[in-house]
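Undergrad: Below: one structure in structure tokens.
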Amino acid sequence: MIIMSHVALLMVRIVEVVSKTTVQQSARMLVAEIHGEIQIGALFPIHRQIAGSESCGEIWEQYGIQRSEIAIKTIREINEKLPFKLGLSIRDSCWTERIAMEQTIAFLREGVAQCSCCQTPGCNKKSVPVVAVIGPGKSSSTIAVQNLLQVFRIPQVGYSATTPDLSDKEQFGYFLRVVPSDRHQAQAIHRLLNHFNWTYVAVLYSAGNYGEKGFESLEKIVGRNDSTVCIAHYDKIKTLASDEEYRKALLTVSDRKDRPQVIVCFCEGHSMRKFFEAQRYLAAKNKKFERFQWIGSDGWADRQDVVEALEDEAMGSYSIRIHAPKVAKFRDYYTKLHPENNTMNPWFREFWQMKFNCTFAVSKEDKNNENLRICTGDENLDENYKEDPKLSQVENSIRTVASALAAMYRERCPDNSTLCTEMLSKNGTLLYQYLLNVTFTDYYDQKVYFDEHGDPPAWYDILNYVGKTFDDSSYAEVGSFRSINDYGEEELKMHTGTLFFDNSTFVPQSVCSQPCGIGQWKRETMACCWICENCLDHQFVNQTTNKCHNCTLGFWPNWNRTGCEIIIPEVVSWTSAGHIMALFLAIVGIITSLATIGVFLRHNSTPVVKSTTRELSYIILSGLVACYAVSFALLATPSSTSCFITRVIPPIAFAVVYSALLTKTNRIARILAGSKKRILTKKPRFLSTFSQVVITWILVAIQCVIVAVGVMRDWPYAIFAKYALPARLILECDTETKSFLIPFFWDFFLISLCTLYAFKTRNLPENFNEAKFIGFTMYCTVVVWIAFLVLHMGTTHKALVMSFSYSLSASVALALLFFPKLYIIIVHPEKNIRASYTTTKLIRCHFGNSQAAYDSTSKQDKHLGGSKTTARTSMQSGSASKSSSMGGGGGGVTRTASVHVPVQRGTTSGITHSSSDASTQTEQSSKFARSFSIVGRKKQGLDDDVQQLVEACRRYQDEKINSSGANLLLEEAEDEVGAMLADSIENSMRTVLSTVAGKTVPATVISNTPSTTVAKPSEAKDSKKPKIIPPDDNFEELLRSRGVQPIGFSQATPL
């Protein structure tokens, strides 16, 4: 410590030698002083700087007198709370660096030269050294003073210096301030430019640390990649430059081809006024000269002397002011001061004389001067009162030093009795640490604290000069810029109702090129100008390189195309209208199908259900349920399980439906073909229910094999749809089109065969509607499937299309095949009788082996549980027969004969037997009511006409026994399809017709009385050759006369 004191003394001696004359002059300078136990110094610009020199000029009320008075007032208030008395020494810096240095040396001389025993308690000393210095106001002067003070480790607190250089603790280790750095001010100006979209500006700044460092801060911010502002032109000008230099600077900006409308001025107040004067001169000289939109720094703030008599030039301009609320009660305190009661301020009498243009002392020479005014002391300071905006900063700077000293005193002097050695010694390093830790909220609700650089949080007011129209102030506070947290985040808030340079509220343009839109990059053509070019849809604009870059797969440019963000996969929304309709249709279909199954099971033994081939109907209904149910897997979020289900179930379910339908239509077609035969030799094969079910499942098994091969070849799994990439991620089941469609070709093949058979059987008897409904079903199904194939190939919503197609196809089959049956069962149960489902209009007359028919009938009776009801034959015909014993056997071979007997419309008959039902029944509306059948062997009398008819038929057949086998009787013309079916059967029987053998058996005479049966016992014949009966030429006439439609009779077949 002793060594450092000697170094300090040496520095003072050097300064005194170099500036001996200056020191002698500064010794004559006045000092306002309040004596205390601990002394702090303050440098205020009591006088203005003389233009062109570094000398003191006229006194300065706002910056000098008012700041010194607020300092004195604050010291008095603080001393009422401190445990010690704090003193204050105020010196005049005259707003110049040289004089500020002189006054600082005066502080040091008092503290060092006259305190050789400062380290020793109780040392007798003439004055108390300053432990900290407040001020000065100018940034360059503050730097000069700090360079000197830090040598002596004396902390310095700035109340007005804002240069960013002072934040460098390596150069200025003992400085802190209560006003924010110009780094924040540059950020506030940049935010203001962005707010109004002024992207092309010019910058003018004062020569010196304040203007140069402010411009550097703004240039650094503008140069960042995220900045949209460009500096088109910048120029530096000296504060004391001539008017011509100021005009030249403005003309340089105005004459640019790409003239910016906005000028940012990092200038002191004097420079700002000079620019306004130059603008007025140029506008008066050249009527085409357009005024600029000005943005001034806090060097202008809200100073009235800057715009006085230049209001039109300053109109609509913006300025930045450090947030400085008015000090409460200062005006009342200040206006009550007068030279008589304010003797502590040595410059107050000088200020009073300048303020009121009067004098207190009159020399003998001026006694007779009538223009000389004598000061009375009763002048009013409240007239034309204008308060300095930085009074609150001066107050906070003094409170900061006082708070640090109080904290230091409490910790270093626990007994609080007397001042201890640490407080008396000039330990500036320790005091500086206490200063950095100061935190308090001032009287204006402004939080004061310091970061590691000694800077407080930023808080600026955005001012808009609106002239005298805005109440009593010409500056309107239209916004604010302040720190919002301790992490350096800042926020700009702007209000509405601002004015601009043209005295309008419309924001002027200041751009070289219009900003590029979203997704466009700038191809620069010259400084601050560019051409906008579009990026591709999947590209974003890299702000660093100003180029377009691709987003990786799974990412997509964000809304402003400045980066990529992850794409959220799209999932199936069951709340959409399409999905709701599809699910509703599927649910209704499932419920309806299950209800149909329930109704059929309840009426399982009724003719309606039996006529539909019950087993095949249940198979069809189960397939329809599966077709409806698969919609839930189709519309669910695609996964391996759902994809497997949607790939396997639909083709198999449709195969179940259409295999059963094909089996049913094939059976009907074969029955129809058999009914068209000219000769019947045996019952068609595979007409039983068991055979039909087996055939159905064989066809389904083929489909299962096809599906299994396709699944093993191309296993289904969920992937993102290729058609939506890269913009969207839509999950769907990955399946090749051919792998998906191949199984459906088998279904389509079944549908085609069903349609063909339905077309062939379209002419079945009108009371047999099953074939017609199957035909309608197939026709509609073909249309639906063709539409499904077309839509599936051309749409992206394949799952929804498949769901609707599957449900619609199933609904067609359900409605056309089962709704008519349900209608009869539920609405018209009286029609649910066997007579309503007769499948023939004619009674066939044929010759054949009735034993085979009898045996098959017996077997069927046993198969059906011993039922006494005779099963229907495949030909659905009534027969008349007579049995004869062969070789003395009891039950020999019988020959049968049947005739088609048309009767009058509107009559019905049914032939019954005590042990079996008639094989054929006719409905009430049938054209034929008369039937013949063998119902027993009991002999009964026959009608003569009938017996004669049957005998004629037998004789006619025997007569033709040796003929060529051609059809000799009349026959109704067959339709084309019927002929095709008949010919196909006939060709297979040609070999049987090549030989004719058999014995003549007397015809069995059957009564034609409805519901009455008569049997005649057969007689055995010894002869093995048939007995030839002479032909009956009038046979056909006899048939017609008896109301019988003559059809083809074939020659007899040996049995």
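The first residue you see is number 1, and the count goes up from there.
In case you wondered, yes, glycine gets a Cβ from its N, Cα and C as well.
Below, the features straight out of TrEMBL:
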SIGNAL    1-19  signal peptide
DOMAIN    578-841  domain 'G-protein coupled receptors family 3 profile'
TRANSMEM  580-601  transmembrane segment
TRANSMEM  616-636  transmembrane segment
TRANSMEM  648-665  transmembrane segment
TRANSMEM  686-712  transmembrane segment
TRANSMEM  740-759  transmembrane segment
TRANSMEM  771-792  transmembrane segment
TRANSMEM  804-826  transmembrane segment
REGION    856-926  region 'Disordered'
COMPBIAS  874-885  compositional bias 'Low complexity'
COMPBIAS  905-926  compositional bias 'Polar residues'
REGION    1011-1030  region 'Disordered'
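For the listed features, I'd like the structural context: burial, neighbours, distances.
TA: Same-chain residues lying 6 or more positions outside the transmembrane segment (580-601) and placing a CB less than 8 Å from one of its CB atoms are 574, 609, 614, 617-618, 621-622, 624-625, 627-629, 631-632, 635, 800, 803-804, 807-808, 810-811, 814, 818, 821-822, 825-826.
Sequence-distant neighbours of the transmembrane segment (616-636) (same chain, 6+ residues past either end, Cβ-Cβ under 8 Å): 572, 574, 579, 582-583, 585-587, 589-590, 593-594, 596-597, 600, 609, 642, 645-646, 649-650, 652-657, 660-661, 663-664, 692-693, 696, 799-800, 802-803, 806-807, 809-810, 813-814, 817-818.
If one looks beyond the transmembrane segment (648-665) by at least 6 residues along the same chain, the residues whose Cβ comes under 8 Å of a Cβ in the stretch are 613, 616-617, 619-620, 622-624, 626-627, 629-630, 633, 692, 695-697, 699-700, 702-704, 706-707, 711, 743-744, 746-747, 750-751, 753-754, 757-758, 761, 770-771, 774, 777-778, 781, 802, 806, 809-810, 813, 817.
Panel annotation: around the transmembrane segment (771-792), residues 658, 661, 664-665, 668, 741, 744, 747-748, 751-752, 754-755, 757-759, 761-762, 764, 798, 801-802, 805, 808-809, 812-813, 816-817, 820 of the same chain, lying at least six beyond its termini, place a Cβ under 8 Å from a Cβ of the stretch.
Within its own chain, the transmembrane segment (804-826) has Cβ neighbours under 8 Å at 581-582, 585-586, 589, 592-593, 596, 599-600, 603, 606, 608-609, 612, 617, 620-621, 624, 627-628, 630-631, 634, 650, 654, 657, 661, 769, 773-774, 776-777, 780-781, 784-785, 787-788, 791-792, 832, counting only residues six or more beyond its boundaries.
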Undergrad: Can you tell me which parts of the same chain pack against the transmembrane segment (740-759), counting only residues 6+ beyond its ends and a CB-CB cutoff under 8 A?
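TA: Same-chain residues near the transmembrane segment (740-759) but 6 or more away: 647, 650-651, 654-655, 658-659, 661-662, 665-666, 668-669, 699, 702-703, 706-707, 710, 771, 774-775, 777-779, 781-782, 785, 789, 792, 977.
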Undergrad: Suppose you look only at the domain 'G-protein coupled receptors family 3 profile' (578-841); what would the mean pLDDT be?
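TA: Per the prediction, mean pLDDT sits at 83 for the domain 'G-protein coupled receptors family 3 profile' (578-841).
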